[in-house]
Amino acid sequence: MMYVTNFVYALICTIGFAIVFNVPKTSLIKSGFGGALGWTVFITINHFFQSVVVATFIASFIIALIGEAFAIIDRQPLTVYIIPGIVPLVPGFGLYYTMLSILEENYELAINHGSESIMIAISIAAALTIVLSLNSYRKKRRSNF
Amino acid sequence: MLQVNRKKLLVLALYAGEIMLKNGAETYRVEDTIIRLCKSKGFSYVDVYVTPTGIFISIDNKGESQEEILSYIKRIKSRSINLNKVAEVNNFSRKFVDQKISIDDGIKLLKEIDQLLPYPHYIHAVFGGLASAFFALLFGANIFEFLSAFITSILVTYNLKYLLSIDFPPFLTNASGGGVAAIMAIILSFLHPSIHIDKIIIGAIMVMVPGVAMTNAVRDSIAGDLVSGLARAAEALIIATSIAFGVGFILKLWILFAGGTLI
């Protein structure tokens with residue numbers, strides 16, 4: 001049940017961000033779906049393994065795969081599906097708590113939160129890069145042979 | 001004849017690249033599109049160098065032709081996110097390559113794409129509000145925090161889109177967004193004891209948080225576009241700093257003058 005409600009919340013959340021980023025009307029629901037599925041994977045893995053970074057990596061990987069599939073089907077650029085989808089995973093919490101810790105002059109905690117945010121950002125980017133470079137490699141091979 | 005063509009083609013390719021780069025496309029996509037557009041009209045040598053702050057193109061023909069290499073530079077000063085335009089230019093470039101649209105028609109089509117309007121401000125505001133409110137729910141907010149995040153984020157998004165549309169300085173735009181979020185969160189937290197300001201503020205600043213710039217920075221760096229990577233990292237850092245400055249400034253004032261507590 002928790003997964004269903006989280007899926008719905010993440011769906012609405014992602015569609016909202018998609019509209020803020022001016023995603024074309026026809027792609028709104030699809031980008032929302034990718035983001036919602038990614039978030040559900042994120043909480044599932046985070047629940048079982050207690051590792052935000054690993055969960056973020058796998059969730060972003062799935063968002064990128066789904067985005068790639070939609071992009072090929074609809075012949076739209078991949079960004080349209082990926083950017084709204086990854087927003088819920090972006091370490092906004094980490095950034096806020098980093099700022100808060102600096103404000104409270106607790107620099108050790110600030111470094112903790114800050115480095116975790118950077119790790120999360122890197123894991124999102126690494127997941128996206130793996131999927132994207134495999135895909136461009138596939139395209140290159142297809143056009144060469 | 002060919003001279004005119006070359007120039008117009010370069011202008012068209014540059015225009016397409018400019019629209020994409022200004023509206024949040026990745027570096028490699030801009031380079032790829034420009035190369036495709038130029039090669040579709042038979043230029044054997046096309047080289048493009050794109051960074052988030054500028055585009056450099058030069059094209060030439062192989063062999064005997066006596067014409068000189070043409071090079072253009074385009075400086076890009078402001079960047080925002082309008083993925084609709086990126087998608088439209090992408091479609092345009094596919095059509096241009098496949099269906100032999102003439103260059104003059106192409107420029108006309110690109111102008112139409114450039115003038116596409118984003119969703120109206122109130123739609124942005126309402127959906128930005130919904131997005132933030134549901135984001136707060138994902139992190140365990142209760143119903144009061146949900147409503148507060150909704151109201152706060154409507155104001156923040158409206159403020160942000162309005163300031164962007166009148167070309168207000170970017171640093172101050174994001175700082176004022178953070179400031180509005182913090183002020184609203186503090187005011188709303190007096191209404192009910194179960195409202196915590198952190199969930200409201202985090203929900204509201206998610207609309208501004210530089211997730212895209214941050215992710216693109218790492219992606220560009222991994223892909224070998226080191227200059228773009230560094231430029232985007234700087235952009236992400238500046239946006240994050242300005243939001244943190246806006247929120248932190250208000251919270252610090254609140255702590256100092258009104259004796260507020262953060263947790």
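The backbone N, Cα and C atoms fix where each Cβ goes, glycine too.
The domain 'Threonine/serine exporter-like N-terminal' annotation in TrEMBL covers B:12-253.
The feature transmembrane segment is assigned by TrEMBL to B:125-151 (among others). Within the chain, the transmembrane segment (B:125-151) has long-range Cβ neighbours (under 8 A, six or more residues past its boundaries) at 119, 157-158, 161, 184-185, 188-189, 191-192, 194-196, 199-200, 202-204, 206-207.
For B:171-191 (among others), the entry in TrEMBL reads transmembrane segment.
Residues 24, 26-27, 81, 128, 131-133, 135-136, 139, 141, 145, 148-149, 152-153, 156-157, 160, 174, 177-178, 180-182, 184-185, 188-189, 229-230, 232-233, 235-236, 239-240, 243, 247 of the same chain sit 6 or more residues outside the transmembrane segment (B:200-218) yet have a Cβ under 8 Å from a Cβ within it. Sequence annotations record features per position, and here TrEMBL assigns transmembrane segment to B:200-218 (among others).
The annotation transmembrane segment is assigned in TrEMBL to B:238-257 (among others). For the transmembrane segment (B:238-257), the residues of the chain that approach it from at least six positions outside its boundaries are 170-183, 186, 201, 205, 208-210, 213-214, judged by C-beta separation under 8 angstroms.
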Other parts of the chain folded back onto the transmembrane segment (B:171-191), taken as Cβ under 8 Å at six or more residues beyond its ends = 144, 148, 151-153, 155-156, 159-160, 163-164, 197, 200-201, 204-205, 207-208, 238-239, 242-251, 254, 260
